[in-house]
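Trainee: I have a structure I would like to understand better, so I am pasting it below and will then ask my questions one at a time.
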Amino acid sequence: MAAEAPSPSRSDTPAGGSRRGRRGRRRKPSRPTSDTPDNAVGGSRDGDVTVAVKPSDLRAAVRPAGRAPRSTPADPNADAGPRLRTVRETSAGGLVVSNIDGPADDRCAALIGRVDRRGRMMWSLPKGHIETGETVEQTAMREVAEETGIEGTVVASLGKIDYWFVSEGKRIHKTVHHYLMRSIGGELSDADYEVAEVAWVPLSDLPKKLTYSDERRLARAAADVLDSLTSDPELLARSEADNVRTEPNEYEKAAAARNQRRKEPVRAPRPRRRRRGPRRPAAADGTPGTASAPAQPESRRTQPESTRTQPEPTRGAHEPRHDG
């Protein structure tokens, strides 16, 4: 009996191989790896079924690892509160100096201290709002006397500063006119309820004592103005005479009127009225249509006049009801 021939091994199979051997084995679906996304470009094949791929999945597949998905930008006005009312305020104040005609080392200025919400002492120059019938110079003298207890006269103008802040639901733009003043009497007093402390401070220490940077610059300018005026007594006397006014100009009248309006309460925005009914359709010729009377129900039109229910007569507020 002839010996059985050994079956050829895979290494012995020629390159052409058996057609049945090649087609008999079904290809297994490749498993996705960490480097290859599940939905690759062109779709993934699960057996004989091809799964469609959405463009959004393709964008998610090629997104870098460290980048978060893009989100829709929020509406900038979505979380915004109601629009604040803008108010303009005008004030006047002064740097009142003692011993102007004496040596420079003996000159001091009166400052006021207020305690802020964090409990810190804030040193600043006295100032306040312009009132009706006042000039800015008169306002400066009045506010200095009310907040420090020191009476003074205006020597020269130091300029103005302006700034913005929010208070009581209003956005306020404030302008303050400052003046260099001569102390002529009075004593330091913190009787004003807005003032926590009052002190005489040497002019050389003002840049370190004042809290706000714009007032520190104002104090440096005041020292230069004072040196130039005291060097010529006639110039000092003429400057004091030029700053005596009793009649307000148009700017001061308008500023006082704005300051009075600041006390008005903030008005709530009026709600928009909603349209009660649908718009009337236009006619064929383009003229606005007219409102047509609503059609009556069929049962109401066919009901005989004698069988219609009459409405009950209206009784008075105190009329008793007689049901029988």
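Even glycines carry a Cβ here, placed using N, Cα and C.
Please treat TrEMBL annotations as automatic predictions, because they have not gone through curation.
The region 'Disordered' annotation in TrEMBL covers 1-84, 237-324. What TrEMBL lists as compositional bias 'Basic residues' is 19-30, 269-279. Positions annotated as compositional bias 'Low complexity' by TrEMBL: 59-70. The domain 'Nudix hydrolase' feature in TrEMBL is assigned to 87-224. Per TrEMBL, compositional bias 'Basic and acidic residues' is recorded for 237-255, 315-324.
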Trainee: Residues of the same chain, at least six outside the compositional bias 'Basic and acidic residues' (237-255), with any C-beta under 8 angstroms of its C-beta?
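Mentor: Same-chain residues near the compositional bias 'Basic and acidic residues' (237-255) but 6 or more away: 90, 130, 132-138, 153-157, 179, 182, 229.
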Trainee: Give the mean pLDDT for the domain 'Nudix hydrolase' (87-224) on the 0 to 100 scale.
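Mentor: Reported value for the domain 'Nudix hydrolase' (87-224) is a mean pLDDT of 94.
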Trainee: Under the DSSP assignment, what numbers of helix, strand and coil residues are found in the compositional bias 'Basic and acidic residues' (237-255)?
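Mentor: Counting residues by DSSP class gives 12 helix, 0 strand, 7 coil.
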